[in-house]
Amino acid sequence: MSSFFSALLLQGGYNAALVAIGASLLGFAAGAGGSFLFLRKRALVSDAVAHATLPGVGLAFIVMVLLGGDGRSLPGLLAGSAISAWLGLLAVEWIVRRTRLSEDAAIGAILSVFFGLGVVLLTVIQSMSQGRQAGLESFLLGSTAGMLFQDAVLIAGGGAAVVALIWILRRPMTLVAFDPGFAAARGVDVRRVDLAMMGLVLAVTVIGLKLVGLILIVALLIIPPVTARFWSERAEAVVWSAGALGAVSGYVGAAVSASAPALPTGPIIVLISAALFVLSLLFAPARGVLASVLARRAFQARVHRRQGLLALSRSEPIHDPLTVKILRRENLMRADGVATAEGRAAGEKISRDERRWSIARKQHLDTALTGRYDGLTPIESVFTADEIAHFDAAMERNA
Amino acid sequence: MGAEFVQFSLTPILIGMFAAMACALPGNFLILRRQALIGDAISHVVLPGIVVAFLITGTVTTWPMLLGAAGAALLAVVLIEAVRRLGRIEPGAAMGVVFTSLFAAGVLLLEQSDTSSVHLDVEHALMGNLEQLIWLRADGWGSLLDPEALAHLPPELPRMAVVAAIIGLLTLVFWRPLKLASFDEGFARALGLPVTLIGLGLVTAAAAAAVAAFDAVGSIIVIAMFICPPAAARLMTNRLGKQVAWSMLFACISAIAGYVLAGYGPLWIGAASSVSAAGMVAVVSGVILALACLFGPARSRVGVAAGG
C-alpha cells in the first residue's frame, strides 16, 4: 500500500513517475478527444481506428527491417500505424457515402478486415529471422514497463499537441457534434470538421498504442466522455471533465500498476475509468440512477400528500398506506385517521385552490398559464393575488 | 488433392466454412437491424468468460469454456441494455463502455492467473487454432468412409457443423417473423409479433455462433464473418432470401480461399512458412466486400431497382 502512495506522489522511482505522467496526459487527450465523437454519436468509430492501426505497425516493421534498420523504432511504427488507421477511416467514410451500408456495418467490416490483415503481417514477421520481432505483440495490449524516456516525451508531446488542437477547434467541433445541419447553415465545413475530429482520435490512438495497446485505447476514448456526460449538460464542460476523468484514470492506474508489477497497466487504467463510470451512473446528480429514483419518490410523495389532503377535506377515509404514512409524518392526520387542525386547514386550502383552478381554466384561454395545471403546481405561483381574488369572487357568484 | 490434403487441409477448411456460415447467417439480420457491432462486442467479452471458466474449473476442456463464454456473452448483452436504459446513453456508446471494460477485466484476469502455460493466451483468443485442427488419422479420401478414422476427427468439426445446422434450422423456422421484425419493427409490433423476444433470440443465436466458433477459429474470423459476407450480400440484391444465399456463398469462399491462401500462398511466392489462416479469411472477406462495394448491383442508396 505504501508503494502505491509513493507511486501516487511520483516518489516510486524515475520510471514509475514517467509512466504516471505519460498515462495521465494520454488519458486527458483521449477523454477530451473522444468527447466529440461521443457527442456526434459515433463513439465506435474509435474502435475501427484502433484496430486499423495494426497492419500499419506490421508493414512499418517489415519495411524498416528490409531497409536494414531496427524494426522496433517507435516513430517508424507510429507513422505506419497512423497511415493505416487513416486509410481505415477513409474506407469507413467511403463505404458510408458510396454504398447503402450503414455506419456500424462499415465500422465492423473495416475493423475486422484491417485487424485480420495486421494479424497476417504479424505471422509474416514471426517467420522473419532477422529484426528482433519480440515485443511487437505488445502493441495489441500495450506495455509500459519498457517505456523509455524518448517514448515518454513522444507521448507527452503528442498528448499536449492534441489537447491544444482540441482547444483551438472546440467551437466548430461542438457545433458539428450537436447540430450538423445548423453548422452547415452557419458556413462551417462539416466534412472537414468531421475529418479533424477523426484526426484527433487517430492521433490519440497512435500515441496510446505503446501505453495501453490498440484494443484498450478504445476504452479510453469512449468511457470518460460517457462518464462526463452524467455530470453536465454543457458540451464544453463534458469535454474538459472527460479529459480530467481520463487523466485521473491514467494517473491512478499507472500508480497502481507501478506498485504491483504483476498488474498490467493498460487493463488497470481501463478498469479504473470503468469504476468511475459505474459510480457516475449510480450517483451523479440529475442524471444518475440514485438521483432519478429519489426524484421519482419525491414526486410520488407530493402526489400522495395532495390526494390525501383532498380526501381529508372531503372527510373520506384514506386506505393507501403511503398516503397515511406521509400525512401522519407531517402531523396532518391523527393515528385514528381523523385530520388534525393543520391537516384540515391544509386540506381546505388545497380544495379551495382546486376550485380556483377550475374557474381559472374556464376563464383563462391563455394555455401558457392554465396549461401549467397538473394538480401539484400551487396556484399562487401562476396567478397574481388580484387574479386569485377575481376567481374567488367568481366562485362566490356561482355559489 | 491427395492424402496430404485430406489429412492437413480438409478438416480446417470444413470447420472454417461451418464457422463462417454460422456467423454470417445471424449477421444478415443484425446488419438490417443496425446491430452489426453486437458481434464485435460479443467476441470481445468471450475472453473474460473463458478465463473465469478456467479459473473455476481449472481445466481447458470444451464444455466449461463454452459455458463460460456463453455466460459472458449473455452478461454483456444484459449489461449493454442496462447501461443504455439506466444511463439514457445511445446504444453505440453503451456497447463501447461495456465491452472494453469486460475485455480489460479479461486481460487482467489472464495475466494474473498465469493461464498462458495452458495454451490460453490472447494470441490464441484472437487467431484461434484453425491450422492445428488437422485429421491425423486420415490417409486419403477413403478415410471419409472409414469409421475407425472418422472417430478421430477433430471434435470441433462435428460441433461446428451441429451449431451451423441448428442456426440454419432456426432461421428457416422463424424466417417470416425475423424478416418482418428486421425490416419494419413497428409493423411487426402492430401485427402482434413479440419483437423484443425476436431481437433477444437473434442476439442469443449470434452469441451461440460466436462462442462455438471462437474456440476453433478465434475472434478475428467471428467478427469478420458476422459483418463482411452479409454486408457484401446486401449490395448484391434487394431480396432477403437472395441476400442470405449470397452471404452463405461469400462466407464459404472466404473460408476456403482464406485458408488456401494462408497455407499455400506463401509457398507459391517462395516464402518458407504459412501465415495466419484466421487473418487471411478476414482479408479475403474484406476483398469480397470491396468488390461488392465497387460493382454490386444493389450497392447504391438511391435509384434502387424495382422488383429485383
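These residue numbers are counts, starting from 1, taken along the chain as shown.
Placed from the backbone N, Cα and C atoms, the Cβ positions cover glycine too.
If you check TrEMBL, you get these features:
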| type | residues | note |
| --- | --- | --- |
| TRANSMEM | B:6-25 | transmembrane segment |
| TRANSMEM | B:37-56 | transmembrane segment |
| TRANSMEM | B:62-80 | transmembrane segment |
| TRANSMEM | B:92-110 | transmembrane segment |
| TRANSMEM | B:157-175 | transmembrane segment |
| TRANSMEM | B:187-210 | transmembrane segment |
| TRANSMEM | B:216-237 | transmembrane segment |
| TRANSMEM | B:244-262 | transmembrane segment |
| TRANSMEM | B:268-295 | transmembrane segment |
For the transmembrane segment (B:92-110), I need the partner stretch with the highest count of C-beta pairs below 8 angstroms, choosing only from B:37-56, B:62-80, B:187-210, B:216-237, B:244-262. B:37-56
Mind checking which residues reach the transmembrane segment (B:62-80)? Cβ under 8 Å, same chain, six or more beyond either end. 38, 41-42, 45-54, 56, 91, 94-95, 98-99, 102, 155, 159, 200, 203-204, 207-208, 210-212, 214-215
Check the transmembrane segment (B:216-237) against each of B:37-56, B:187-210, B:244-262, B:268-295 and return whichever range has the most CB pairs under 8 Å. B:268-295
With Cβ distances under 8 Å as the criterion, find the stretch in B:37-56, B:187-210, B:244-262, B:268-295 that has the most pairs with the transmembrane segment (B:6-25). B:244-262
Residues outside the transmembrane segment (B:187-210) whose C-beta sits under 8 Å from one of its C-beta atoms, at least 6 past its ends, are 19, 22-23, 25-27, 29-30, 33, 35, 38-39, 42-43, 46, 69-70, 73-74, 77, 163-164, 166-167, 170, 174, 177-178, 180-181, 222, 226
Given the transmembrane segment (B:244-262), its same-chain partners at Cβ distance under 8 Å and 6+ residues beyond its ends are 9, 12-13, 16-17, 19-21, 23-25, 27-28, 130-131, 171, 224-225, 228-230, 232-233, 236-237, 274-277, 279-285, 288
